[in-house]
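S.K.: So TrEMBL says this about it:
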type	residues	note
DOMAIN	64-120	domain 'HTH lysR-type'
């Protein structure tokens, strides 16, 4: 059976299909080949690769980009064997990559074999598109890299609760300075539990953590900015509230239930296990509420509990050996950080050093 390939003209290209009046050499978007045979209505239409990609609404994936890079290298080097050194891939692997790209696009890109390497018309067009994509990616990658050296963008900071009442905590001074030195940095502050802060910094969920915990992670770097005083308190309805100071001892306090901070287990291990009546809280305000009930003793930050002490609702018990100074630290991930994160961290550390 005899068949012949003829090109028909198209007046315009619409919706990824050539119309029947356009000469292939003049069609800005593609061409259509029709195979005619002696069988009635035996017609096959072959679309230009650009039309194939447009009609399928192709979404380029990471694996597609890799295939494009391989194809570009082969074209630049004039063949598969010449591209081996640049790609560090074997000839069969490169050939498989080209086949995969051809299958992905639905067109033949090149002739390869003993006769050498030559691009098809479709291959030349795909090479042009591929180099355009690579150029755009490289240009925008450079733009993104420049952001690392720019004092702009968002910086996430996790802070433990009940810090606003501490006069030693100078985060407000740091924010004021940052608004002058780096006004384009957008700070995103969150109140978080200490252990959650450590985890969030390590897993890149936040950039900076501020607080204190006895759990340390190797991938996180810590900078102590000051020490926060804590002491034992009881509520106004607690039996020890009216006791004379000389009657209050550690042994006497051990006879009463305590509410402990969950993330201080390593520090107060002896108290955690002493009594089934003891309770655990993971937030300072929750611990305060339990101490205010009069049912429990608790170690609270003096700057926070002192407010309620002045109101007559709490009493600081005279137990010098139970006083504790928690190290408040600035935590960031190990290694090089973006310029905006480094600037915020260094500013926080600097303003606290002024008042040490």
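Glycine too: its Cβ is placed from the backbone N, Cα and C atoms.
Unlike curated records, TrEMBL annotations are generated automatically.
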S.K.: Could you give the number of helix, strand and coil residues in the domain 'HTH lysR-type' (64-120) as assigned by DSSP?
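M.R.: Split by secondary structure, the domain 'HTH lysR-type' (64-120) comes out as 37 helix, 4 strand, 16 coil.
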S.K.: When the pLDDT values for the domain 'HTH lysR-type' (64-120) are averaged, what is the result?
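M.R.: Mean pLDDT for the domain 'HTH lysR-type' (64-120): 89.
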